[in-house]
Every structure is written in structure tokens, then in C-alpha cells.
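*Asks:* A single structure is presented below for examination.
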């Protein structure tokens, strides 16, 4: 439990660090995401563990996903390579948000694309790889926006955050100058600093490893798209003509293409026709509407391919050859209902229907079917299965779904604009008009989604579903002088290519089904995000809106199923594998029947019989509290084992330290005894200095006085380096001053000063600097008397230490202590006497 509390505390601190002091009202949400991330880290080695965030646009899905990814990065360890992967995981968020998020009427930082971020782990639980799958980028926002909304953040970040040189080179102006940005007249978002966000985006590119030249070209392409949008057209004899040819030069320069070719490709199109088995290319001049569509198609094609390049760069930086264990984070558009809902909202809501179907299949339907298969007694719960809505949208035949009808119209009807859209509406009415979840309306149709009825306007459905970048535009971009731009258009143009072109709807349907297949193989963790209001203000609660979300998210049915059913179920062997530690009979391994082992374990922990049921292959635990009790008992067992391990380890460390100290003491004692043995064999009596040749020392002795002992002394400073002083005799710095000790019958001399003279009182000659006195040698045959005299009349604090080769050891006494201590070598106390043995 302590470990769990520490991890929760770590989660709290991590969220504070990650989010600063802002959004203190969301502290509980951050901690909850920390707990959820910790649970994922605990279980991902057993199963793949994806997080599935769902809810309306603006409900907080992206923020919650960032908390999960931040927590995983914070608590997982690792070396340099692992840290690099963690940096990429964190820095991918601001980069993808800059190019994939935008301000909408419901959310100031709305994700306008979907992503499934798979974080891959090593066996040790360290993140060492990952990959991102992206889908449903809202391409229409590249060139337009609704009222009170903005385009993608990167446009405004570039305008506000570019340096003076960048603005000059890229022709950056104010947002209202660009047609793609000024349609809504909304340029600023409260609480958003586009200038600092631009720097963060650029730094993220560096962390991911995008080359400097490629990074510059990405920014250059974004600027080129803005300038491309300012190219307008006018009618000239029923044909389109560029209003201001001067505006062609700068986007052509930024994209590295010829401005005349750009003009030609925007106002005409090459079409292939077959006559008598022969193919022939014809140049068709476009009208104003078609030319504007071509310009926007080029802008959207450039932007979407840059976005794909960024995603691929992230994947390349984190690529791992073998996938072992993973935690997935799915962050996708929320369900959208606007005043006008077009093709994008239709695709977004379809994907949300598919994800809701996973929830129903894995929680509501699968759970009840599992109870029947396992023979568990329980009361069935009614719920709405949205599979009928998914079939209405994606069925191929009998009857065909909306997407199949849309693809058929796009392939067979060559009319543009309203003509194709009206044909689509007629075919929908005849094919699925009687469906209980479909209604026709003037200029559109209504689908009864799980979240409510949504009315779709068919205007632009066919054009946006075709999503075709004409070969003329691909050829134009392949002629760019910049190799980076050419790599964004790798198509091999083949005029003989057969079959229907892939439509946007078919791509989305394939991506959605692939995602569903991936998630169905895992055990997803559902995180339902509830939007409390439409005002985007804290502590503003709209009860009716919250109730509606709770209902259409299926939370009521899920709670009823959970209450009537069982909160936890596990195969017998896996249950034993996790909780076998609770009883001695099951630990370390139960060798009998798995069912009997589980029954023995549950009876041993005194779990009430009404709290669990035994199925055919699984055990079912009813209440979460019962499971928490098992987990707590398991934690206690591990805690006890941890204490035993810690105790044994500390004992091992203490023994190892003791043995090391004993060995060192043995060596010291051995050397100590050797010195004493040598001292006994040698009395160290005599002139080891050559006093006859040193008249400066002889002056302190009486005439013909005997020299008992004379030798040189080495002094050390506090770092045990030879103490060096300025020699006044020679006047040169850094020359070691000679130090000597001389003992005679009446004198003890040390380092240019007489310490003891029996014929007079002790005296200390005045000299430059301070010399710490030290008593060395035996003053008389009765050293105790001399020691008492010294202790009574002399005390000094020793700074440097002294070393005398012909001395065995020092015996030191502290003036305030009655406990003498003997130390080998030359380490001294406050008052010391040299004892010669």
C-alpha cells in the first residue's frame, strides 16, 4: 500500500510539473490519470493494454491522453536510449497539436485528426520504441474555417513566432492578409501564446531528429500554402483567369516551381480520352469554381503530405524491430453535432460509432454472453446495440450502406458540385430510405446515431469523398527544385492504371476497421470524458447536457451490467499465478486442478461465498472491494518478503564491511607490530642529521654537549601534502624550509625553536609566521614527569602533522579527556608526546 501511495504521490507531483500551476481545478483528473497509467504499467507485460478515450469534442480527451503519456514517461526508468524515446513521446504532442489541432466553437484546442499512439516496452518495463497511426485529418480546415473558428495552429504560430529574417524570407504578413485565414476573422485564442508555441514546435522537430534543412522546408511549405490561397480567379469568356498574376511569383518561389507552370495547372487540366483504342491527352480549361477547387486541392495535398511526413519522422525515430509489450493511447475526434454537418462530421461520427461498438462488444454484449458460456447465475440487462447503425453506414450489399452508395456515385456520375450531390441524395432515399435509423430531408439526410440524431448537408459530399489530387498537380510538384518536396509526391504516374481510385470514405472505413481489429485483440481501458458545459469555463455545470452524455456513452447500461454481474473475472491458472502467494499450499506452484486451487485460495482468505462464483474455466469476483482485499493481502505478502530481503541484504553489507575493516585492521596491526619489533631491536639513538656540519644548530647546545638524537622532520598539511613555506634565508617562494629535531641531555630543539631548556624556563623565539609547537621525544628517563609538566603548562591546536621516520608511534592525550588513545603513524591530537620504545 505504501508503494501505491508513493506512486500516486509521484503522479500528483508529475502532473504539477507537467502542467505547471494552471488548471488546479483539474488536479483530481491528473491524479486519476496517474493511477490509470500506473495500472497499465502493472499489467501491460501480461496483456496489451490500450487506453480508449471517448467523449464529445472539447471534453478533455487530448489532455487526458497527454497525462497518461506524461505519467508513463515520468515513472519509467532507463538509460540514454530509453530517455531519447521518452523525449520523443513527450515532444510528439506539441508537434502534432501544432499541425493537427485547431480552435473550434466547442474547443480551443480541438484535435482535428485521430491518432493511435502505441508505446512499446522492453521486458524490464522501459519504453524503448513506439509508433503512431494517424487518420481522419480534417483537410478542409487547411483552406477554410467556420465562423468563430481558426485553421490549424501552425499557421498562427508561424505568423507570430517567426524571426524577422524568416518573416522577410517567407513573406509573412498579418493573419488578415491571407484568404485562408481571414474568412472567420478569428485570429487569437484566449490563453494561447502562439509565439512561444512556435518555439516549442521547432524544438520538438529537433528532438525528433528532423534535419535542419527539412525543418526549414516544412515551414517554407506552410508559408507557400498561405500565399497560394491568395491567388484569386476571375471569369474571362466562361474560363478562369488569375486576377493578379503578380501573386503567382511568391508561392512558386517558396515551392520551387515555375510560376507559369503554376498558372497553367491552376486554370487548366489535362484529361485522357480514348478513341478507337487509342488514348489522347486533351487540355481542358477550367471555370472559376473548378480553378478554386484545384488551388485548394493543391494546398490540402501539400499540407496532408507534410503532416504524414511528420508522423513518419516520429515513427522512424522510435522504430523498434520486435514488438513485445505495448500500451496504446487512442485519441480521436469526439462525436460532433454542429448547425451544419458535412462530410467530415459524417466520417468522424462513423468512427465514433465503430468505437462505441467495441465498447458494446467487449463490455455489455461480451460480458453477458460470457456469463451464459460459463454457467454463471445472473439477471440479463437490456441495452442498445449500435451495430445496426454501423451496418447502415458501411454495408456493401443487401442493402448497400451510405458509404458504398457514395463511392458508386463518385465513380459513375461525372457531374460536379450540386449535380452529383443531388444524385447521391436520390440514391440514398431509394436504397435506405426505409431504414429505421435513416431519414431523408431537404438537401440532406438524418442518421440516428447512438449519441443522437444528426442532420447532414450533402453539399460537397461527392467532391470531398473523391479526394483526388489531379495528375497535373502531382507532375507540377515533382518538378520542384527542392528534393524534399519531390519526396512528398512519390507517385509513379501511369495513364493505363485500371480500377476505381481510392476514395476518402473507403480509406476511412478501412482505417476504422483496422483499428477495431487491433483493439479487439487487446483489453482496452475505457476513459469516458464528460463535457460539463458549452461555455468553456470552470465550475459551470449543465446538468441536462451531462445527463445526455452519460446516456449516449452507455454508462448507465454499463453500470447496471456491472452491478448485476461481476467486477472481475480471470482464468483459473492466471488467477492462481497472481494470488498463489497468499497461501503456502498454492505457493510457489499449485500442482492440482486449477479450479480446486482457486477454491482453496478463496476459502483460505475467508472470502464470503456470495462474493464469487466458479465458472467452467474462470473465477468471477462480484464486488471491487473483494478484489481490493486480495490485492492488499498480496501487497502485504510482498512487503513482508521485501523486509526479509532487505534484512538479508543489510546483514550481508554489514558482514562485508566488518570483514573489510577486520582485514584492514589486521594489516595495520601487522605493520604496527613490525615497527615496534624494529624499535625494540633499534633504540634510535644517535646523530642522524650530521650536527658537526650544522653550526646553526650547534649554537643551541652547550660546548661539548652530547647529542642523544638528531633527525629531520617532514611536515604535512591537512591534505597530507608536504608543507611548503617561504624560506627567508634564500628569499625564494615554494622552497621547503628545513625542519629538524635535536635532543640533548638539557635541550629539546624543534623547527627553529627551543621547546625545553632545563637551565631556564621554556621560551619561544619571535619569528615570522606561526609555528605550532609539538613535543617530540623523551625529555628524561622519566617521561611521565615531563608529560605532566607539558600538560600543565603547554597546549596547542595542531594544524599540520609531523612525521619522523625513526619514531614508532605517538601517544596523544586530549586535555579534557581522560581516555588516551594510541594511533599508528603520525596522526596527533591536541597535546602529544613522542614515546620511543
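In case you wondered, yes, glycine gets a Cβ from its N, Cα and C as well.
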*Asks:* Suppose you had to name the range TrEMBL annotates as region 'Actin-binding'; which of 512-534, 535-557, 558-580 would you pick?
*Replies:* 512-534
*Asks:* Can you check which residues sit near residue 62 (ATP binding site), meaning Cβ under 8 Å from its Cβ, same chain, 6 or more apart in sequence, and list them in order?
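*Replies:* Correct list: 53, 97, 101, 109, 111, 331.
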*Asks:* Could you tell me which three-state DSSP class residue 55 (ATP binding site) falls into?
*Replies:* strand
*Asks:* Tell me the residue counts in helix, strand and coil for the region 'Actin-binding' (512-534), as DSSP assigns them.
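*Replies:* The counts are 9 helix, 5 strand, 9 coil.
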*Asks:* Beyond the listed site residues 55, 56, 57, 58, 59, 60, 61, 62, identify every same-chain residue whose Cβ lies within 8 Å of the center of their Cβ atoms for the ATP site.
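*Replies:* Apart from 55, 56, 57, 58, 59, 60, 61, 62, the close residues are 53, 107, 334, 529, 531.
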